[in-house]
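The active site feature in TrEMBL is assigned to Glu131. As annotated by TrEMBL, Zn(2+) binding site applies to His130, His134, His140. The feature domain 'Peptidase M12A' is assigned by TrEMBL to 37-234.
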Amino acid sequence: MFSPLVYSRIEPTKPKSFEGDISMSRREMKSMQTEILFTGKIHPVHTWREGLVPYLLSSKFTPTEKETIMEAIRDISGDTCIQFIPRSKETDYIDFVKGENKCSSKVGKIGNRQEILMSPQCMRHGTVVHELLHALGLYHEQSRPDRDNYITILWDNLKNPNSKINFEKYGTKFWNEHKLPYDYSSIMHYSSEAFSKKWGEKTIVPKTANAPMGQRASMSPFDKLKINMMYNCRLDN
């Protein structure tokens with residue numbers, strides 16, 4: 001079974017990821033840091049029109065890796081109204097690219113081609129789902145503005161000062177949680193030892209005793225509900 005601890009410690013070799021796996025340029029990262037610092041919010045997420053997401057799969061993926069990606073696509077489509085379609089001539093689309101040492105994604109529809117990097121190190125079903133949910137518009141659960149009511153960040157246990165940006169929280173004007181409860185079991189939540197300086201040392205402590213965090217098995221019920229609310233899905237079941 002995939003270990004969320006291993007996933008949470010895979011970090012980029014270059015500072016082009018926000019919160020560990022949200023890909024952006026240095027300029028975008030600087031802009032986001034400035035917005036969070038001075039306004040308590042960042043730009044709103046753009047969703048995919050009518051829930052249609054064109055995609056491409058790199059030929060560099062092995063048959064097994066391609067099937068892992070397709071299984072994640074089927075799982076999301078099965079629980080939401082999102083439809084992933086092979087790209088033909090669409091201008092806006094996701095391009096699954098084989099990365100060297102990390103998995104990462106943009107958040108929401110950026111416009112034109114946007115990559116989802118998938119490395120063999122983190123090519124697991126739950127990780128693909130996690131990155132796809134970023135591409136659909138979800139941020140990390142522990143970034144909620146009300147997170148301090150539910151978790152404690154142990155700042156002294158972070159591996160280095162640069163890791164602090166991975167634990168920023170968003171302002172209430174930006175975050176639209178649809179009035180859903182805090183979700184420890186979200187596939188978008190960090191594990192308890194994410195970015196720790198020492199194996200076994202916690203960086204996140206839940207205020208609900210023994211609450212599981214960092215699972216990468218499947219979407220939680222609230223993950224599914226959040227996507228369905230974001231895209232105004234009307235499901236028969």
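Cβ atoms here come from the backbone N, Cα and C positions, even for glycine.
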Q) Rounded to an integer, what is the Cα-Cα distance in Å between Glu131 (active site) and His140 (Zn(2+) binding site)? A) 11
Q. How many other Cβ atoms are found within 10 Å of the Cβ atom of His140 (Zn(2+) binding site), counting all protein chains shown?
A. 25
Q: Give the three-state DSSP assignment (helix, strand or coil) for His134 (Zn(2+) binding site).
A: helix
